[in-house]
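Feature annotations, courtesy of Swiss-Prot:
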- Val118, Arg125, Phe126, Ser276, Arg313, Pro548: acetyl-CoA binding site (BINDING)
- Arg340, Glu439, Gly464, Phe465, Leu466, Asp467: glyoxylate binding site (BINDING)
- Arg340: active site, proton acceptor (ACT_SITE)
- Glu439, Asp467: Mg(2+) binding site (BINDING)
- Cys624: cysteine sulfenic acid (-SOH) (MOD_RES)
- Asp638: active site, proton donor (ACT_SITE)
Amino acid sequence: MTDRVSAGNLRVARVLYDFVNNEALPGTDINPNSFWSGVAKVVADLTPQNQSLLNSRDELQAQIDKWHRHRVIEPFDVDAYRQFLIDIGYLLPEPDDFTISTSGVDDEITMTAGPQLVVPVLNARFALNAANARWGSLYDALYGTDTIPETEGAEKGSEYNKIRGDKVIAYARKFMDQAVPLASDSWTNATGVSIFDGQLQIAIGTNSTGLASPEKFVGYNRQLRSSNWSVLLANHGLHIEVLIDPESPIGKTDPVGIKDVILESAITTIMDFEDSVTAVDADDKVRGYRNWLGLNKGDLTEEVNKDGKTFTRVLNADRSYTTPDGGELTLPGRSLLFVRNVGHLTTSDAILVDGGDGQEKEVFEGIIDAVFTGLAAIHGLKTGEANGPLTNSRTGSIYIVKPKMHGPAEVAFTCELFSRVEDVLGLPQGTLKVGIMDEERRTTLNLKACIKAAADRVVFINTGFLDRTGDEIHTSMEAGPMIRKGAMKNSTWIKAYEDANVDIGLAAGFKGKAQIGKGMWAMTELMADMVEQKIGQPKAGATTAWVPSPTAATLHAMHYHQVDVAAVQQELTGQRRATVDQLLTIPLAKKLAWAPEEIREEVDNDCQSILGYVVRWVDQGIGCSKVPDIHNVALMEDRATLRISSQLLANWLRHGVITSEDVRASLERMAPLVDQQNAEDPAYRPMAPNFDDSIAFLAAQELILSGAQQPNGYTEPILHRRRREFKAQNR
């Protein structure tokens with residue numbers, strides 16, 4: 001039984017109440033009684049609106065389901081379909097042209113194109129690593145990944161391999177020729193670096209040259225009479241620090257003495273309370289809020305064991321340099337932090353209220369998140385004894401990503417919520433900025449109206465093709481069987497979706513004012529493929545794109561040196577490449593599209609993916625991790641990938657492509673494989689052979705068999721209930 005404290009008409013879990021009063025409020029000048037009174041008023045006023053929006057989702061889905069059921073044997077008529085969506089208020093009139101007016105936004109969002117990390121906030125070590133990933137070693141990123149092939153004697157091995165190291169150095173030199181080329185010759189032939197009369201000089205044997213663009217030399221860091229120093233370069237708004245130490249093990253092998261090339265990497269990071277975490281009760285929520293508070297205060301620490309040694313990981317300080325003219329330059333040492341709240345659907349037992357029928361009910365989790373992540377973020381706006389030594393925003397803003405919104409009314413509700421939270425926290429109106437995830441079909445189709453609803457708060461739009469695919473399937477669940485999961489990336493609607501997001505953002509004035517983002521690279525070990533393919537995102541006009549790790553951030557950062565995103569956006573501005581009809585193209589399969597073995601392959605792939613993710617979610621409370629697929633390729637899985645897999649199988653089940661017996665048989669085939677893949681984890685609980693005794697196995701099965709009935713295909717209701725069930729059985 002959760003211990004609770006009464007705060008007005010709120011019944012607050014004591015763990016949350018004590019955290020707020022003893023840790024979060026001190027240093028904010030907010031009176032505790034006034035705070036809790038304000039929270040109660042926000043909950044009372046906005047809960048009915050939140051519920052009404054969810055009711056609208058269900059009503060629209062029911063009408064769409066009915067429309068498809070009545071036309072299932074007819075050829076698809078896009079004109080009739082479009083008019084139907086207009087008639088029911090799903091597809092809204094596009095507003096007149098406008099320009100966003102958000103103010104007080106940090107340069108990392110408005111001026112700098114670069115990678116964006118997403119990390120589960122409940123894991124302090126991951127959170128610290130991500131916040132510190134503003135700067136990363138290119139040498140380490142190349143040496144430790146498959147970006148450099150393990151051929152021709154270049155294996156990683158257990159000790160330093162000079163052959164591999166030389167390939168790393170050669171790769172880095174080639175990159176520098178692209179980002180900061182010399183006026184003549186190549187960095188590959190450089191034999192020395194010096195500064196003369198405020199200019200960078202690069203020796204090439206007995207000759208010397210400078211940079212092709214001398215203004216790209218912006219600073220250096222050197223102690224008197226020391227051979228250990230660094231040169232700071234800049235390109236497309238991103239910095240490159242060349243570390244020179246001829247006495248270091250790597251520097252000794254280099255003609256210039258370069259021991260590393262440090263890239264400005266994760267410019268921004270999203271600390272996630274949503275798809276990558278398991279937060280099903282008050283204890284979980286407070287653990288996340290406490291980490292978020294520590295990040296904003298700058299005092300979050302974590303004991304780390306590595307190579308038999310223990311050390312304390314802390315947040316990095318800012319970095320100082322001398323400018324070419326002898327002045328001072330300070331650059332941020334940490335990524336600028338966003339926080340992702342949950343969407344409008346879920347509720348939390350962290351706070352209960354009277355439901356009006358004598359029964360207590362949980363408060364909407366999105367309301368709670370806005371209040372408490374906003375409160376903690378106040379400490380990131382100032383320094384002091386009660387606020388910690390570091391700040392996050394330098395412009396007085398708090399950045400909140402809001403996911404899974406369906407249409408402009410839901411965006412407007414978020415803005416009203418943020419305004420009310422600002423009043424409770426005593427913050428100026430407009431302090432809480434919003435990042436809009438374009439990951440639900442109704443938002444995609446009405447994106448311009450969604451942006452207009454937040455025109456004075458919006459700081460980013462981002463395509464999340466994983467969730468967006470899940471909603472694409474669920475919205476048209478009754479239309480017929482969908483194409484296979486792997487074929488979705490080549491479907492008509494996806495290209496239109498990605499193009500429309502950029503075009504509409506640019507038309508609304510995002511260039512130089514807000515981020516336009518693109519989705520995650522999920523194959524965490526396949527960095528060579530990422531380096532080859534992910535450059536397509538900045539080439540498409542995105543100022544940021546998601547990466548799964550600090551290493552991936554450093555490698556992806558190279559793309560923003562190779563592509564001038566500002567120039568790309570300038571070229572794209574004024575275009576409208578996607579049509580509504582393309583966005584309305586449902587990814588339906590043709591009749592008799594697959595052989596039996598292809599169907600079995602898809603079902604086994606999806607069942608294995610679902611089990612591999614859900615077993616860690618339910619049994620261990622891990623919301624985001626590398627999950628080996630059926631071919632043992634590590635994939636970064638979160639609830640978005642789970643939504644796709646479960647919805648596709650639910651769709652095939654609904655239309656008779658497979659049966660419930662097929663699903664059960666596949667789950668039973670795949671569970672032993674997942675058990676084997678997790679055999680080295682001492683905390684792992686096998687699902688086989690007693691499948692019905694495994695809550696995780698039953699959760700995976702339920703996600704598929706009940707997938708068509710889940711609200712918008714979301715997995716949270718089943719996952720949360722099953723995780724709570726597991727925790728109750730294992731107290």
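Start at 1 and count along the chain as shown; that gives each residue its number.
Yeah, the Cβs are placed from backbone N, Cα and C, and that goes for glycine too.
Features per Swiss-Prot, on structure.
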{"residue": "Val118", "record": "acetyl-CoA binding site", "DSSP (3 states)": "strand"}
{"residue": "Arg125", "record": "acetyl-CoA binding site", "DSSP (3 states)": "helix"}
{"residue": "Ser276", "record": "acetyl-CoA binding site", "DSSP (3 states)": "coil"}
{"residue": "Arg340", "record": "glyoxylate binding site", "DSSP (3 states)": "strand"}
{"residue": "Glu439", "record": "glyoxylate binding site", "DSSP (3 states)": "coil"}
{"residue": "Gly464", "record": "glyoxylate binding site", "DSSP (3 states)": "coil"}
{"residue": "Pro548", "record": "acetyl-CoA binding site", "DSSP (3 states)": "coil"}
{"residue": "Asp638", "record": "active site, proton donor", "DSSP (3 states)": "coil"}
### Query
Tell me, how many other CB atoms lie within 10 A of the CB of Arg340 (glyoxylate binding site), whichever protein chain they belong to?
25
### Query
By CA distance, which of the recorded positions (Arg340, Gly464, Leu466, Asp467, Asp638) lies nearest to Ser276 (acetyl-CoA binding site)?
Asp638
### Shortest C-alpha distance to Asp467 (glyoxylate binding site) - which of the recorded positions Val118, Arg125, Cys624, Asp638
Asp638
### Query
Within 10 Å of the Cβ of Pro548 (acetyl-CoA binding site), how many other Cβ atoms can be counted across all chains shown?
22
### Query
CA-CA, which of the recorded positions Arg125, Arg313, Pro548, Asp638 lies nearest Glu439 (glyoxylate binding site)?
Asp638
### Message
Between the Cα atoms of Gly464 (glyoxylate binding site) and Phe126 (acetyl-CoA binding site), what distance do you get, rounded to the nearest Å?
### Response
22
## Note on the structure
Per DSSP (three-state), Cys624 (cysteine sulfenic acid (-SOH)) is coil
### Query
Out of Phe126, Arg313, Leu466, the binding-site residues in the record, which is closest to Cys624 (cysteine sulfenic acid (-SOH)) when you go by Cα distance?
Phe126
### Task
Tell me the Cβ contacts of Leu466 (glyoxylate binding site) under 8 Å, same chain only and six or more apart in sequence, or just say none.
Glu439, Gly519, Met520, Ala640, Thr641, Arg643, Ile644
### Query
What is the interatomic distance between the Cα atoms of Phe126 (acetyl-CoA binding site) and Arg340 (glyoxylate binding site), given in whole Å?
15
#### Entry: Arg340 (glyoxylate binding site) versus recorded positions Val118, Arg125, Arg313, Pro548, Asp638 - nearest by Cα
Val118
### Query
Could you tell me the C-alpha distance between Phe465 (glyoxylate binding site) and the residue listed as 'active site, proton donor' in angstrom, no decimals?
13
## Note on the structure
One should report the C-alpha separation between Val118 (acetyl-CoA binding site) and Asp638 (active site, proton donor), rounded to whole angstrom, as 11
### Task
Between the residue listed as 'active site, proton donor' and Pro548 (acetyl-CoA binding site), find the distance joining the two CA atoms and give it rounded to the nearest Å.
11
### Query
Within 10 angstroms of the C-beta of Ser276 (acetyl-CoA binding site), what count of other C-beta atoms is obtained when all protein chains are considered?
26
### Summary
Under a three-state DSSP reduction, the secondary structure at Arg313 (acetyl-CoA binding site) is strand
